[in-house]
Structures are given as C-alpha cells and as structure tokens.
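Input: a single structure, listed below in structure tokens.
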Amino acid sequence: MESIGIVAPQTMHFAEPLRLQSGSVIGNYQLVVETYGELNAARSNAVLVCHALNASHHVAGVYADDPRSTGWWDNMVGPGKPLDTNRFFVIGVNNLGSCFGSTGPMSIDPSTGKPYGAKFPVVTVEDWVHAQARVADAFGIERFAAVMGGSLGGMQALAWSLMYPERVAHCIDIASTPKLSAQNIAFNEVARSAILSDPDFHGGDYYAHGVKPKRGLRVARMIGHITYLSDDDMAEKFGRALRRADGALDAYNFSFDVEFEVESYLRYQGDKFADYFDANTYLLITRALDYFDPAKAFDGNLTAALAHTQAKYLIASFSTDWRFAPARSREIVKALLDNKRTVSYAEIDAPHGHDAFLLDDARYHNLIRAYYERIANEVGA
C-alpha cells in the first residue's frame, strides 16, 4: 500500500495558560501537530493518534527534505491502511515536554531568556490530554470518532475516555496498562539514574555548557530497549552470535569491547537515540509514565474509575509483551465489562514483545482495519 506521501508539520500557539496537575502553570505554549486526510463537513471522522515515549507528531508520511523520515506508524496510517486516511482525518500531536518542537525543556523560558532545562514543570498524562483537547477545539472537533495509541499512547487514549467521556466515541488502547507495576517504575528509575549521574548532565542545564549527557541517555535507551523485545525475539535475532572487529566468529577476545551481536545492537540503538533525543524530556516522560494511575483516586478500584466512561473500546495486547503484559490489558477489559461497557479484546500471538504494536503484522493490522470499518460505518466515512 502507498504511503501518504509528503507531509508537513504545523505549529499551533496557545495563549491561554494551562494549569498542570502539579499546580504549575504554562503560558504561551506551542504544540506541533500533523494531520492526514480530510475532515468531513460534519467533523465526525476525526481520529487522534497519541504517541509513546520517544515518538512524536510525525505519525505517517515523509518530509520533503528527508525521504528517510518515515513516520513512526506509517504502516498503520495512510491511504488504504488499517487507519485509512481516505476515510478518516487523523491528527498527531507532539506532547508538552517533548523535544520535537512543542514547548518543553529545550524551549526558552520567557522569564530568564534561557532554556527551561530541568526547571520545566513535571507533566502528566492528564496534562497532555487537556492540551490535546485544546488542539481538538482549534479544529472545531467536538467528538473524536476514535482516540488511539500504543503503550504510553494507549494510556492517553484511556485517559481521554475518562476525562472527556462525551468527546470520545471509540477508545483503541494497544499494548498498554492501567498503571505501571513496581518493576516498570524500577526500570524507569534505573534509566533516569543513568542520565542524572552523567557528568555532562549539569543538573539539567547542559544546554548552557554546549554538551549533551549522551552516555547516560545511551544507557537509558539500552535499558528501555531490552524491555521492548521478547526473549524469543532476541534469541532469534542475536542468539549468542559474536561480532568481532577482526572478523573472527568463533573466538572470544577476552576484553570488555563489544563481542556479541546483541551488545553491538544495543549500543547502536543507544547511540542513535542519544543523538536525537533530549535527556530532560526523557526524565519528564518516564515520570509521566510512573504517575499514570486513574484508579488511585478511587482507592485502587479501576472499575470505579471507569464507571462514567461512555466510549466503546478495542483493547489489544501481544502474547510476548512482558513490559505491559496481556494480563494488564485484561484488567482494563474486566473493569469495563464490570461497568457493562462495549469492549472488544484481542491477544495477538506475536513474537516481537512490546514493540509488536509498531510492526506490520497481518493479524494485528486486520484487527485494526476491521474495527475502523465498524467506526467508518457509524460516522459515514
């Protein structure tokens, strides 16, 4: 299927201050967005796609000046694809605190004339949803046909159905969780510690020093990436294969240089990530992950937390995802069923772990395609 082709982001400016869950206020902020497809006359065919930790507004298509800049969910969104832009108007929003153009730690603090750095206020999933609602308002969209996301994006989709129940017809929540486990919070803490202990971090003010805490950011990404892959997938891709600079494939070099293919892969992923991502943003987003827990205000009762939702739901998980295991998705399903909500659930047998939600798997894509066909029939798309 064809890509949506050349796309261009747009920057939306908001003068009305946004009060955050922490009590801090952000004024005069901007959000970078991309849109695909056409909004129909009734404004009933809009779909919001929420991004995960290291992604952005650039969901699909390519930029004219960089043919390699394919959107992070290009296999999912586009003409004739599961989320068909011939039928739906799709919006991608770069969240507050990110490093791809929306107001965040790299932005200039008007009170100092310098980047916010670590002084940028902590944000939450709920803060992002409120900011996204203002984007919807700017487009004149009163109700989304669907809000969709995977991983952290799925948390935002779920939060939308809780916070703006009358504005979400369908919630599509993929490879996600109603809250992080202690183990997941621990992974995030180790990743943050790697960044905070990097001498180049400078208390978050590394911009003024002309450096980036790349060593810490690289380790943080390596830790995260391990959790995104399944044991079987890593065994299939790498096993215990050696990668020696001298070409030898069957002998150790008895040093601490890279020897195994999996080591080489993780270092490559870490280096690539450290080149384009911002360390302060990584700290912010992982903390937003930690804080997400809609049942907290209901004494941990997820059924009570979801009692006032109105959307219909598609919840999907992957068999080998151990970061956000299928059991976590089933918690959401049970709470929704307890509230007699309309829920479709699928656990897809896929070998690729948590990252499976980003990949082109026929069973997975057929599921999403069929669900959007149902939505299209409802809204006349």
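Just so it is clear, glycine is given a Cβ too, placed from its N, Cα and C backbone atoms.
What Swiss-Prot says about this protein:
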ACT_SITE  SER151  active site, nucleophile
ACT_SITE  ASP321  active site
ACT_SITE  HIS354  active site
BINDING   ARG221, ASP355  substrate binding site
DOMAIN    45-360  domain 'AB hydrolase-1'
SITE      ARG323  site 'Important for acyl-CoA specificity'
Find, among the recorded positions listed as ASP321, ASP355, the one whose Cβ has the highest number of other Cβ atoms within 10 Å in the structure shown.
ASP321
List the Cα distance (Å, whole number) between HIS354 (active site) and ASP321 (active site).
4
For the residue listed as 'active site, nucleophile': DSSP state (helix, strand, coil):
coil
Cα-to-Cα gap, ASP355 (substrate binding site) vs ASP321 (active site), nearest whole Å:
8
Determine, to the nearest whole angstrom, how far the Cα atom of ARG323 (site 'Important for acyl-CoA specificity') is from the Cα atom of ARG221 (substrate binding site).
14
Ten-angstrom check, please: count other Cβ atoms within 10 Å of the Cβ of HIS354 (active site), all chains counted.
24
Over the domain 'AB hydrolase-1' (45-360), what does the predicted model average in pLDDT?
96
Can you tell me whether DSSP puts HIS354 (active site) in helix, strand or coil?
helix
Determine, to the nearest whole angstrom, how far the Cα atom of ARG221 (substrate binding site) is from the Cα atom of SER151 (active site, nucleophile).
16
Just checking, which of SER151, ARG323 (recorded positions) has the fewest C-beta atoms within 10 Å of its C-beta?
ARG323
